Every structure is written in C-alpha cells, then in structure tokens.
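Heads up: the structure comes next, in structure tokens.
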Amino acid sequence: MSGPVDTAKSITKKRKRKHGGGARAATETDDATTQPVVENGAVTDSPEKGEDTKKSEKNGKDKSTKKRKVSHASSDEENESEGEQGAPSQADGDSDNNGDDGDDNSEAENGDNGDKKDAESTDLPSADALRLPTVEGEPQKFTELGLTEKTLKAINDMGFDTMTEIQRRTIPPLLAGRDVLGAAKTGSGKTLSFLIPAVEMLSALRFKPRNGTGVIVVSPTRELALQIFGVARELCQYHSQTYGIVIGGANRRAEAEKLMKGVNLLIATPGRLLDHLQNTQGFIFKNLKTLVIDEADRILEVGFEDEMRQIVKILPSEERQTMLFSATQTTKVEDLARISLRPGPLYINVDHRKEHSTVEGLEQGYVICEADKRFLLLFSFLKRNLKKKIIVFFSSCNCVKYHAELLNYIDLPVLELHGKQKQQKRTNTFFEFCNAKQGTLICTDVAARGLDIPAVDWIIQFDPPDDPRDYIHRVGRTARGANAKGRSLMFLQPSEVGFLKHLKEARVPVVEFEFPANKIVNVQSQLEKLIGQNYYLNKSAKEGYRSYLQAYASHSLRSVFDVHKLDLVKVAKGFGFSTPPRIDIQLGASLSRDKKQQQQGRRNYGSQPHSKGLKFKRKHDD
C-alpha cells in the first residue's frame, strides 16, 4: 500500500475515535490553531514531505515489503522492553494506528514513510546513536551551526539570522552534549540558546509521543513559561515532536491527559511539575535527555528550592544533559548546579567583560520626589505619554490593585498584572499588553523576569526594587534585542538616594532626570475628595497603604529603605488620604518569611499581630 493511502487511512481511523483523535500536546487554546495545519499537511504532499518520500523509496524500495513484515515483531519487542509503562506499548501494537496514542503532527511529519520508519524501530535510540552537528570555528549565523532544515526554516520564519553572544557561545557546546551553566543579562536571547539544542536532540532521536518527555524546561513564573512555550511552538512548527506546558492555575486534569498522550518537550513551573511527577499516572519521563532550568536564581528566590531538589532527584540522571541559566550566581544557584549538573560543566558568562550590567540602548534615570508628590508625578507622566507603551512596577499586589482601580476610575486606562489574579486573567492581560502598540501596564515583579514584551518605551519603577539585581531585571523589559532603544525612570524619595551607590557598584549607569514643577498636575484635593467619598476606592487605598508599609519594612536593603524614616503623613497623602488611616500591621518580625511570601504573591497583608514586633497604629478616623 502506498504511503499517502496509509496516512489517509490513519487519519480516517483518528476521526472515528470517540474523542476526535490525540491532539497535539499543547495548551487547550493551542489545539484549535495547530490541528488544521496538521490535517492539511497529512492529506496533501508538501514539497518537504515529497523529498522525504523520494529518499525513502530510493534507499529502501526493494526492502519495503520485508520491513513491513518485521513491524509487528519490532512492536512486540518494544512492548516487552517498555516494562510497566502501558501507554507507549499500547500505541506500538499496530503500525497502522501509531498516531492514535500520539498526535496529529507526528503523522503529518512522517507523511508517506512514517509507517516505514516506525516499523524499522519503535525503540528510542540510545544516546550513543545521537549525532548532532559539530560546529567548527566561531559561528556568527544560525546557518553555520549545521542545524536541520526544519529548525533553520522555523528560525528564518521567526526573523532571526545572526546569533547573539550568548547564543554563539552556548549553542555549539550544547549541541555537543555538554552541560552548561550560563550567565547573561536579561534580553540577551537565552531562550533560543537552550531551545534550539533541545529541539535538535528530540529530532535526532526521532522522539514520538509514546516515548514520553525528552526535554523539560523549568521556569520561575507562569508568564515566562507561557512565553517560552510560544517560542517553542514557533521553533517546532516543522518538526513532528509534541510540546506542551504545565503551570499552576491551569486545568490539572487536562494537563495530565496530555502528558499521558505524550509530550516530548515540556515547559513547566516547579510546583506543578513536581505535582505531575509525583501524582500523574502514565506521565512517561524515563526517557528524559535534557533538563533546562531557566532563571535559576529567581526560581530559588521565590521559594522553590525544596521543589527543585525533589525534581532533580526524581528525574533520571543517566545520559541527561542539564542546562542551567541564571542572571546572577548565588550560593544557592551553585548548590543547585552541583546537584543537577554532571562533573565538569562549561561555565559561560557573557557579561563579566561588559562595562555596564544593563543593555546598550537603554537610557536610565531617576527623579527625587517626596512621598506626597509621587502619585501626582506618576499621573502627570502617564497623561503626557498616552501614546507610549509603559510598564509601571509596584512593590505589592494591593498597591497594583488600588492604583489600577483609581487610574481606570479617573479615565486613565491601564492594565494590571499581579500574583493574586486568576491564571486566565493573568494570561489574557499579558498577551493583551504584548499585542498593544501603546498603553500602560502596572504590575508587581511577577512581570520583571524574562518576559519579552515588544516595543516597551518606558519602564517606571514607582516603588523601589529590592536590590540592584531586581532593578536590572525590571529595566530589562525594554531595549530588548539588537539595536533596540528604551528608557527607564525610578522614583526615589530623598531618604532613598543611598540606593544609587548600590547601583553604581553593580555597574548600572543612571542619571538624574528633572520634571519641572509647573508640569505636575496638582489633583491632590480632588484625589482626597474622591477617596473620602468612594467606599470601594477608600477600602482599596487603605489596603494599598498597609501593603506598601509592609513591603517597605521587609526590604532587603533596610539600611537604605528604612521604614522608620518614612513620613507617614506624606505617604498617606500619596494614597489619597488627608490624614493617615488607622491600620494595624506587623512590622519587624519574621521579615525573611514575609519577604518570601511577598515575592510569591501570597502575602497575608493586614494580618493581626500576635507576636512581638513593631506596630504602627494611627488613632485617626478612617
């Protein structure tokens, strides 16, 4: 039977299945977009598939019948070798329905000779059989890496030609199978640095859905995981391998179903990944060949150290290549590298020779502003830059919620992004802002790491960053890519100018910006009147005020950001209160725990104090 007929037959079988066939492992919203392309590719002969068919006929024309006779015997051997893993052996039972337990793209990719390839060997080739390109000299372009045509075509579609420094220095050794510990500033192109070798490995080993997961990428935040998933989708568009994502807040059952069908390239956040590793039956990860830990320092900062240790312990270590990327090298990162990387990893740091820790093309400044004038300055700035694309960073979820409600109420539209939102809301907001040509996003540091948001004009740090590293990651949301431009502005109170010394030590160049006093719109009286009359805004403002003080008290640089030096009357005016509201908060106790909770977005703001600590009580009326 000719190849195209077999493909059409398998697709007909797929359509008869109760649930419509195994969709490509991806997010629920991705299935609709990938499936039509797959079906068209399976039914019609594209030029790419025609070449594969000709090669197959040329190399094995006389042996095709013999290979088909062997197919069932090979499948039986596969069933025995798979041991207790039922899902892959069941899919291997009949060469005609290989795709039934896999995905549409797997069939579309193999096209005419897919059944022949499966019949030859259903076992996953060992790492000894892996032949990735060997790169000589100093490659500058992706075409010099010896990548597969499918990968090169995808990279070309993405608009990339010349590699960044981190890509030039990491991709060749990763293709050679080395473990790599990489350090590069944000916006340097790390994502493609680890995805290209991962996809090439999966392709070289001819991973099928029944083989389970071959690559796992661990990301610190859901938004960054979604972004990596988007890049992986573009990179894998011409490959047959499946890809998927598992993140907190998403439908766990749907994720488990896709994992059981087989996800070759998996992007995940640590908590949800550990959950599936421990509890999802049929999740095959015994064939794992590559583990990627992206933004390792951030993963450890937000409290996932225990989860990462368990994940590394659970995953198979034999023949596993590990790629660990971190913007900064801390003691915890070194500990994680020691338990996850094989002996003798390659350490690549592309930043240590740079004069500045931030990217070129980024104009950075600060403005000295009293606490009671901060909102007025922000309001005036946003009003004057309505045609720009701006990100404003705050220190807590409640501060973001209050300012979003206030600005939208007074007809200055903004989007908000923080850790207390439901996952669907966070995802929708993220992509809405990515696709917007102008607008303002106010957010916590949940958006500070790794997110590649196009064409951001301004980064405003309304609340101070925790340390210079956080500053660098915040401003890294602009001036991304080659020759890109961007500007950042940091608000500092007079008591906070000591932070400039820390930035200088971290090789961050900042200059003072001046904002003429006559350009500041004085809406203080209207603001206080609005907060006094609107119950919901008043309640939100009070929560924001409380959260601001708690976040300030848990600052890691308390020698600079000392809560005792704050003028609470001026701070309260910045939140729209004529006099400081009565609040009851706990300051000074369990600061490290509070800090950890703040970074995770799960902080218990406004909790009543039950232990020793510093209390701030104001006996004024609300």
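From the backbone N, Cα and C atoms, a Cβ is placed for every residue, glycine too.
Record note: among 34-37, 294-297, 522-525, 294-297 is the stretch given as motif 'DEAD box' by Swiss-Prot. Ranking the binding-site residues Ser188, Gly189, Lys190, Thr191 by how many Cβ atoms sit within 10 Å of each one's Cβ puts Lys190 at the top. Residues belonging to the motif 'DEAD box' (294-297) score a mean pLDDT of 86 in the model. Under the three-state DSSP scheme, Lys190 (ATP binding site) falls in the helix class. Take the CB of Ala184 (ATP binding site) and look out to 10 A: across all protein chains shown you find 22 other CB atoms. For the motif 'Q motif' (140-168), the DSSP-based tally of helix, strand and coil residues reads 17 helix, 2 strand, 10 coil.
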